[in-house]
Each structure stands twice: as structure tokens, then as C-alpha cells.
Amino acid sequence: MAAMTKALPRRLVGLASLRAVSTSSMDTLPKQVKIVEVGPRDGLQNEKNIVSTPVKIKLIDMLSEAGLSVIEATSFVSPKWVPQMADHAEVLKGIQKFPGITYPVLIPNLKGFEAAVAAGAKEVSIFGAASELFTKKNVNCSIEESFQRFDAILKAAQSANISVRGYVSCVLGCPYEGKISPAKVAEVTKKFYSMGCYEISLGDTIGVGTPGIMKDMLSAVMQEVPPAALAVHCHDTYGQALANTLMALQMGVSVVDSSVAGLGGCPYAQGASGNLATEDLVYMLEGLGIHTGVNLQKLLEAGNFICQALNRKTSSKVAQATCKL
């Protein structure tokens, strides 16, 4: 009994320390998070069955109604490469433009930029990578050559007063190269920032990252680029998306990409889950007292709508749980 009595205070001290650590971690969280909804573009682009234009438009309008302030609407790529995005101009022209909401579109080159602007785009996104092999297999050039292509886009965007967002894929791992050096991610991110991208989204393309790897990567990147110019884009292939996102928030990132209903698979891991579900992200942020401006019920309705249209189950744990209640 005496031994147990002596052991108890030590255990209590341990619990108190744990509580203190987690409280101090929570103190570093942002009061507000901007969610960039990528479902209509990143989520739908790999769907085998073509989604009708009216369905895409209704989905985006429902997401706007839910209070999301940034909704990536479509991609101005060649229909030859991404047939799902062939109706990009019709979608961008057909959606309701809500005040205070931006509707960026992804573009691969200057031709895509010009088509996007002609369709009324006010913001565009460009896509790079921290992996040489991934870049070579995706766009058939080196990282340096890809930036030469981006240069023309950024100059044209500046002249047209169009905001440009950059994506860096494979920041926590590559399907071809494996581990990626944090220094390489920092180098590529710094290049995007110095060229004029107002925000750079750091993507864990194959979802292999863990909070420790996320911390190391962000520590390197934040030595070159201010946290206010960074976003994270986590995939849930290994179930780490929310944990990695929380680590990024604790380190000062306040912009997070996510996809309604978790739309968007990982093309490098058959059957694996893809994007972080927006519903799950909002639920976590609300639980932490972080403002998002998003109405979770309306968001769930948007997720339910698109899942019915696709004849598939949602990947959102929150949506799955609430439909059972």
C-alpha cells in the first residue's frame, strides 16, 4: 500500500505535465482558418464517369451557401488529358458569384491562363513539385524548366491584375523518389513566393507524411517563406491528414485545403482514401474553437448531394457518423 501511495504523486505529476504541454500547444493555434475547398476541381477530376455541368454548378453553389470563402471551381487543362474538366468555361460562367468568395481555377500553361481569364477567372493556381522525377513524369521537364514556364504566366497575371496561387506537390514524400528533403521543399516554395505567388499550398500528394515529418518540412520552409503565405494540402491515405493539419496549425499555418466528402482518390495507391474531407476539418476546427465561417449542416448537404450524383459513399467520417444518428 505504501508503494502505491508513493507512486501516485509521480503519476499525477506526469499527467499534469502532459496537460500543460497540450494546453501550450493549443495556445499557438490560429483564431481563424481559411479553408480552400478543392472538391469541384481536385475532387472530381479523376472521377471516371463524367459529371454533368449542371451538377458541378449546383455543387459549387451549395458550397458557396455553406460559407466557404475559397472554392477551386475547375481546371483549364486540355480535355484530352482531363476529360472531366472539358466544361471548365461553362462551369465558371454558370456558377453564382457570391460576394466575398473567390473561385480560383487551375491552369497548366499560358494558353490555359488566357482561356481562364477570357471565361472570367479572377484568380488562378499553378502546379509544381518538390520532386524532380515526379515533375518529369507529370509534365516532362525538370523543376527548373517548369519554373521557366511559370514565369510567363506570372508576368501575364501581374499585367492583368490576377492573383496566382502556387501548389507544391510531394512535400512529404514522392511515389517515385521516396523521401523528399525539407530543404528541397523550402527551395521550391521560396521560388514560387519570389516569383509572385501570394500563397503556396504544400501538398502531401501520397499521404505518407506524419506530424513529425510535417514539422521538419515546415520548419525548413518557414525559414524562407512567412507562415502567412503558406497553406497545407493533406491526403488521408495513411489516416494522417487531420493530425498533419493540426501540426501545421500549431506551427502558424492558417490556410488549409480540403475536399467536400473527401472527394479525390490517390492515383498512386489503389483504393486508398484521398483528400482530407472538409466536413471532418470543420468539425475539428469547431471543436478547437477556431472560426471558419462554414455552416457544417449546409456543408454536409453539399457532400450528400455530390455523393448521390456520383452514386458513391462519402469518405467523410463526420458525414458517416451523422447519417447513423
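Counting starts with 1 at the first residue shown.
Backbone N, Cα and C atoms are what each Cβ position is placed from, and that goes for glycine too.
Since we're looking at a predicted model, the values are computed, not measured.
In Swiss-Prot this protein carries:
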| type | residues | note |
| --- | --- | --- |
| TRANSIT | 1-27 | transit peptide |
| BINDING | ARG41 | substrate binding site |
| BINDING | ASP42, HIS233, HIS235, ASN275 | divalent metal cation binding site |
| MOD_RES | LYS48 | N6-succinyllysine |
| MOD_RES | LYS48 | N6-acetyllysine |
| MOD_RES | LYS111 | N6-acetyllysine |
| MOD_RES | LYS137 | N6-acetyllysine |
| MOD_RES | LYS137 | N6-succinyllysine |
| MOD_RES | LYS179 | N6-acetyllysine |
| MOD_RES | LYS179 | N6-succinyllysine |
| ACT_SITE | CYS266 | active site |
| MOD_RES | LYS324 | N6-acetyllysine |
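Positions of Swiss-Prot features highlighted on the structure.
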residue: ARG41; record: substrate binding site; DSSP (3 states): helix
residue: LYS48; record: N6-succinyllysine; DSSP (3 states): coil
residue: LYS111; record: N6-acetyllysine; DSSP (3 states): helix
residue: LYS137; record: N6-acetyllysine; DSSP (3 states): helix
residue: LYS179; record: N6-acetyllysine; DSSP (3 states): coil
residue: HIS233; record: divalent metal cation binding site; DSSP (3 states): strand
residue: ASN275; record: divalent metal cation binding site; DSSP (3 states): strand
Cα-nearest neighbour of ASN275 (divalent metal cation binding site) within the listed recorded positions, ARG41, LYS48, LYS137: ARG41
Of the modified residues listed as LYS48, LYS111, LYS137, the one whose CA lies nearest the CA of ASP42 (divalent metal cation binding site): LYS48
Most Cβ neighbours inside 10 Å, all chains, among the recorded positions ARG41, LYS137, LYS179, HIS233: ARG41
For LYS111 (N6-acetyllysine), the one of ARG41, LYS48, LYS137, HIS233, HIS235 that lies nearest, given that the recorded positions are compared by Cα: ARG41
Fewest other C-beta atoms within 10 angstroms, as judged across LYS48, LYS111, HIS235, which are the recorded positions: LYS48
Whole-number Å value for how far ARG41 (substrate binding site) lies from LYS48 (N6-succinyllysine) (Cα to Cα): 14
Near-site residues: divalent metal cation, ref ASP42, HIS233, HIS235, ASN275, CB cutoff 8 A to centroid: VAL38, GLY203, THR205, CYS234, ASP257, SER258, SER259, GLY264, GLY274, LEU276
Alpha-carbon distance [HIS233 (divalent metal cation binding site); ARG41 (substrate binding site)] in Å: 14
